[in-house]
Amino acid sequence: MICTVKQSAIAPMINGSDTIFRRKSPLTVQRSLCLPSITVQKNSKPILCVSKPLHVSSIESFSVSKPQKESLITCKAYEADRSQPIQAEGTKSEVARKVKIGIYFATWWALNVVFNIYNKKVLNAFPYPWLTSTLSLACGSLIMLVSWATRIAEAPKTDYEFWKTLFPVALAHTIGHVAATVSMSKVAVSFTHIIKSGEPAFSVLVSRFLLGEAFPAGVYMSLIPIIGGCALAAVTELNFNMTGFMGAMISNLAFVFRNIFSKKGMKGKSVSGMNYYACLSLLSLLILTPFAIAVEGPQMWAAGWQTAVSQIGPHFVWWVVAQSVFYHLYNQVSYMSLDEISPLTFSIGNTMKRISVIVSSIIIFHTPVQPVNALGAAIAILGTFLYSQAKQ
């Protein structure tokens, strides 16, 4: 509890917390408190608040402006059961907020790395990306339905208009999710994420030519290293596959439209980040399921499942469960972090996430990387970082 005493021509004040004493007559603060004599004039405002004994920690005396010809005495104090003055509550809350954001970021990156590792393991043994994508959405939807039913999480209050505006977002999310999974089934995880780091280029081009938005010159300049780095990485990729490359490109375009639809449709909607992504998963699952059955089908899934289990063993089932659960968790945490941070901070965090995924996948899967390929990846990621800075 900080206590301040000021001597002025108006009235001194000691700030405390609970009990308020009002003085109707002049008051003299005794010298036993180690303070100079201060005469308090009549004032209708509260001048003393005390809940615990206070110890004086410092006294400062200085003069104000010359025309007023008066002086101020500032006395800082702390409660008797404390050894030092209390920090301002604003400082504590800001520190707590930064710690919370740091936990969000660390959890987001860790979950994303784990998902990509298990996702690639599943796709290597079970090359059916449509079913794998469907299981990821189904697992997340089931987790949230159970959470709402058991009241672990508060169910969102939605209406027809909400789901109507969410539909184009879910459609773009579904296309982007499946395209990325198809890409990872054909090429290395690191290559997919290098190409996906070019998403800002698609964002600028779509916003400029379809929406008519204008950007500062720095934004356009940042696209040069992004496009150049992605092109250099693609040309020098040892295990290049056109299907994998196009899957990553389609994923970029789809996620750009998802972000655009989300910004337009969710204005004024009071749904938390966690519940918003849960609703998005449910609607995406309904969209994706019939297409997954039509493209691959139960017969292919059954044959592929038997082959994978016979080759890998019971661990394969754990891989499928892990990649589905971690996919939902990392996306949920990323949407929850959007409630706490600015778009710029989120963009920087997303760039750092890609670096962690690329490096960890290269180490774990022993992906062969040429120096010029690594240079292309570094240039593309640097361009992504510059883009996030220039856009803000």
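The backbone N, Cα and C atoms fix where each Cβ goes, glycine too.
Where the annotation comes from TrEMBL, it is an automatic prediction and has not been curated.
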Annotated stretch (transmembrane segment, per TrEMBL) among the listed ranges 160-178, 312-330: 312-330
Chain residues in Cβ proximity to the transmembrane segment (130-149) (below 8 Å; excluding those fewer than six residues from its ends, i.e. six or more beyond): 119, 122-123, 155, 174, 177-178, 181, 185, 275, 277-278, 281-282, 284-285, 288-289, 291-292, 295-296, 301, 320-321, 323-325, 327-328, 331-332
